[in-house]
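**Student:** Have a look at the structure that comes next, please.
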Amino acid sequence: MDIGGPTNIRHVAHVTFDRFDGFLGLPSEFEPDVPRKAPSASATVFGVSTESMQLSYDSRGNCVPVILLLLQSRLYDQGGLQAEGVFRITGENSEEEFVREQLNKGIIPDGIDVHCLAGLIKAWFRELPRGVLDPLPSEQVMQCESDEDFVKVVRLLPQTEASLLNWAINLMADVIQFEHVNKMNSRNLALVFAPNMSQMADPLTALMYAVQVMKLLKSLTEKTVREREASSSVVDRRCSKEAEDGEKEKDNEEEEEDEEEEEEEEDEDEDEEEEGDGVYIIKEEEASEIIKVVADEHKSGSIKSEFEGSSATDSKGDNGVVQPPICSSNP
């Protein structure tokens with residue numbers, strides 16, 4: 001019986017699709033046939049869902065599309081925060097179309113006008129298939145009156161939309177920090193961003209809703225600015241306290257050093273006094289000995305005087321030795 005070769009063979013390849021890098025995991029012979037970049041406007045970075053875009057984290061932990069981070073970085077690097085009327089003044093249409101084409105190819109050209117960059121950020125939000133605030137019940141948003149109401153209602157957003165809103169709010173807060181230069185306060189920024197955060201078919205309803213969205217954005221932006229200022233003041237107070245503590249510690253160390261020096265000087269003085277007492281004692285002993293010697297000398301001297309006084313004459317021999325007196329006999 002002849003044994004034939006295997007039949008009905010299948011090769012299964014597990015691959016991952018990435019919008020920016022095509023299929024990952026394909027055999028190398030198939031890679032040249034896979035486009036590496038978005039090939040047409042149908043795969044543009046504008047007007048598509050965030051689920052089909054490459055995401056990354058910003059400095060505050062918001063997971064947002066990379067295109068927004070790139071536009072934001074370029075806007076900041078080119079001094080867009082200081083540009084007067086940023087996000088209010090529109091850029092040149094021809095330049096915006098050119099930049100759009102380059103962004104679809106994954107390229108960010110150099111020398112883009114800051115107003116064009118700001119306009120593209122607004123356009124990205126405006127052209128989303130679903131607005132950032134669309135998941136919220138419009139009736140509930142319209143009923144908000146206080147800052148606490150707005151904070152509560154935005155907590156109902158899904159994670160993706162919440163990250164996008166938080167990113168936009170912090171962007172506006174960054175702009176407000178240079179309000180004295182760019183003339184853009186919280187109201188002006190909320191006014192230009194509000195129409196791009198939701199989509200409604202009825203123009204009149206959309207207009208009324210945009211007014212409430214403007215209040216929401218203004219409230220959240222001002223809250224963020226206040227929190228930053230409070231955090232900054234806390235840091236400043238902490239640094240000031242640390243500086244004061246450092247000065248106090250330094251003063252204490254200097255006082256301790258001065259006290260130690262004084263103690264050392266006192267110890268030296270005491271040592272000198274003790275040393276002086278020792279010298280005095282020694283001199284006193286020497287004086288006692290001298291007095292004793294002198295007394296002995298005086299004593300021996302007085303005896304000698306008496307002895308000498310009792311002799312009639314001093315008689316010396318040839319050797320100069322004192323001779324005893326010669327007693328004369330009585331007649």
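Backbone N, Cα and C atoms are what each Cβ position is placed from, and that goes for glycine too.
As annotated in Swiss-Prot:
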type	residues	note
DOMAIN	3-16	domain 'CRIB'
DOMAIN	48-225	domain 'Rho-GAP'
SITE	ARG88	site 'Arginine finger'
COMPBIAS	227-251	compositional bias 'Basic and acidic residues'
REGION	227-331	region 'Disordered'
COMPBIAS	252-277	compositional bias 'Acidic residues'
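Each of these features: where is it, how hidden is it, and who are its neighbours?
**Tutor:** Per-residue confidence over the domain 'CRIB' (3-16) averages 65 (mean pLDDT, predicted model).
Counting only residues at least six positions away in the same chain, the Cβ atoms of MET184, ASN188, VAL192 sit under 8 Å from the Cβ of ARG88 (site 'Arginine finger').
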